[in-house]
Amino acid sequence: MKRIAILGSTGSIGTQALDVIKANPDSFELEVLTAHSNADLLIQQALEFNPNTIVIANENLYDKVQDALQHTDIKVYAGANALCAVVEMGTVDMVLTAMVGYAGLQPTIRAIKAGKHIALANKETLVVAGQLITDLAKAHGVNIYPVDSEHSAIFQCLSGEFHNPIEKIILTASGGPFRGRTAADLATVTKAQALKHPNWDMGAKITIDSASLMNKGLEVIEAKWLFGLKNEQIEVVVHPQSIIHSLVQFEDGSIKAQLGLPDMKLPIQYALGYPNRLKSDFPRFNFMDYPQLTFEQPDLETFRNLALAFKAMEQGGNMPCILNAANEIAVSAFLRDEVGFLQMSDIIESCMAKVAYIANPSFEDYVTTDREAREKAIQLINN
Ligand code: NAD
Ligand code: MG
């Protein structure tokens, strides 16, 4: 029995993780649920799964959640500090980080310091502070299991290859809803169009990141830290069908790939259940439904965010933190119709040029960098 805490249980990953846990009652026990502001769904989940403790990050909603659950034994807390405290509970074995954005950094650090294994969906944490997080995990003997489908694919391909060096990895990208479009096309695309992903149904932020290819850029940086790779060992190929989830090439030239239908429940279940493959009734892949699997070069000139992410990774230090903060602000402004699709890249590029570079950032430096990059991005939007 693994006792699980889910940070972000009301989101796309969180709700699918609950489906996995529900289908495997002999393998998992739910200890902690947390959400930001979807109190109704959090209450419903708490009543259904009866966890030990829940946290609503938005403190204004504490009374509502507490009132709804006062007839139960479930402990209810509110606020960002509570979120960091619950991951340290002695009854938690593994923390699934399924919250979105930089807000995942602090609770992930606290969980690692408390010796909890991490099932990592919150890629922003590794983008912002990959060195710090991987060093901490090593120091505390904590494993970080990837949930992101591409990284799960690589992790699965590496099974049994412990002593065999990786020559390179190839991350697949669907290309998103705007694959093949020109910059002129992208200048006028709408929020509604960007929110329609061809293959995956995900939260709003990652869906916009997928349309701009920033998601793939964040995943390149995530892969660097998860698998201890040099920058030049990471490639991206566009594969519109999203059936091959990623590939590893070894030093003998052999390539291993992991395939399956695009369904996040599989990588979620693999991360939670590792090293066991639990039996599932997920729909099976049929080759006859996909007679052609195709591949293309990513268009780094049109989709500048991917090029900016590669650049941030090469510059290292706090640059990926700047990239991430500027992107979070740009995406939320795009979702409020305050900036156009292409302006998102302009904002990120400007922030990367203007926020102070730090080669070897401490945790405090990341906090300062994140704040400065957000302020700079907001200034750029308001001007
Ligand atoms: P989502 O927006 O659907 O859900 C986010 C969850 O985090 C919600 O439960 C929300 O309440 C919580 N949350 C948001 N901000 C918070 C804050 N400041 N404090 C506390 N809780 C907060 O997002 P999602 O699509 O499930 O993505 C979650 C993470 O997983 C992201 O980092 C994303 O990049 C990654 N990911 C998602 C998918 C996918 O298919 N959705 C695939 C791969 C990776
Ligand atoms: Mg992914």
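Keep in mind that glycine also has a Cβ here, set from the backbone N, Cα and C atoms.
A quick note: this is a predicted structure, and the numbers were derived from the prediction, not measured.
Residues or ranges marked as NADPH binding site by TrEMBL: Thr10, Gly11, Ser12, Ile13, Asn38, Asn122, Glu124, Gly203. Here TrEMBL flags Lys123, Ser149, Glu150, Ser174, His197, Ser210, Asn215, Lys216, Glu219 as 1-deoxy-D-xylulose 5-phosphate binding site. For Asp148, Glu150, Glu219, the entry in TrEMBL reads Mn(2+) binding site. What TrEMBL records for 4-130 is domain '1-deoxy-D-xylulose 5-phosphate reductoisomerase N-terminal'. Annotation comment: TrEMBL describes 144-227 as domain '1-deoxy-D-xylulose 5-phosphate reductoisomerase C-terminal'. Residues or ranges marked as domain 'DXP reductoisomerase C-terminal' in TrEMBL: 259-375.
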Sparsest-packed of the listed binding-site residues (Gly11, Gly203) - C-beta count within 10 angstroms: Gly203
Which same-chain residues, if any, lie at least 6 apart from His197 (1-deoxy-D-xylulose 5-phosphate binding site) yet have Cβ under 8 Å of it: Ser174, Gly176, Pro177, Thr207, Ser210, Ala211
PLDDT averaged over the residues of the domain '1-deoxy-D-xylulose 5-phosphate reductoisomerase N-terminal' (4-130): 98
Residue pair Glu124 (NADPH binding site), Glu219 (1-deoxy-D-xylulose 5-phosphate binding site) - Cα distance, angstrom, rounded: 9
Entry from the binding-site residues list Thr10, Asn38, Asn215 having the most other CB atoms no farther than 10 A: Asn215
Beyond the site residues Asp148, Glu150, Glu219: chain residues whose C-beta lies within 8 Å of the centroid, for Mn(2+): Lys123, Pro146, Ser149, His151, Ser152, Leu171, Asn215, Lys216, Glu222, Ala223, Ser246
Under 8 Å by Cβ from Glu150 (1-deoxy-D-xylulose 5-phosphate binding site), counting only residues of that chain that are 6 or more apart: Leu171, Thr172, Glu219, Ala223, His245, Ser246
Binding-site residues close to ligand 2 - of Thr10, Gly11, Ile13, Asn122, Asp148, Glu150, only those whose C-beta is under 6 Å away: Asp148, Glu150
Where the C-beta lies under 6 angstroms from ligand 1, the matching binding-site residues among Thr10, Asn122, Glu150, Asn215, Glu219: Thr10, Asn122
Where Gly11 (NADPH binding site) falls in three-state DSSP terms: coil
Rounded Cα separation (Å) that holds between Thr10 (NADPH binding site) and Lys123 (1-deoxy-D-xylulose 5-phosphate binding site): 17
Cβ neighbours of Ile13 (NADPH binding site) where a neighbour is any other Cβ within 10 Å: 28
Alpha-carbon distance [Asn38 (NADPH binding site); Asn215 (1-deoxy-D-xylulose 5-phosphate binding site)] in Å: 24
Euclidean distance between Cα atoms of Asp148 (Mn(2+) binding site) and Asn122 (NADPH binding site), Å: 8
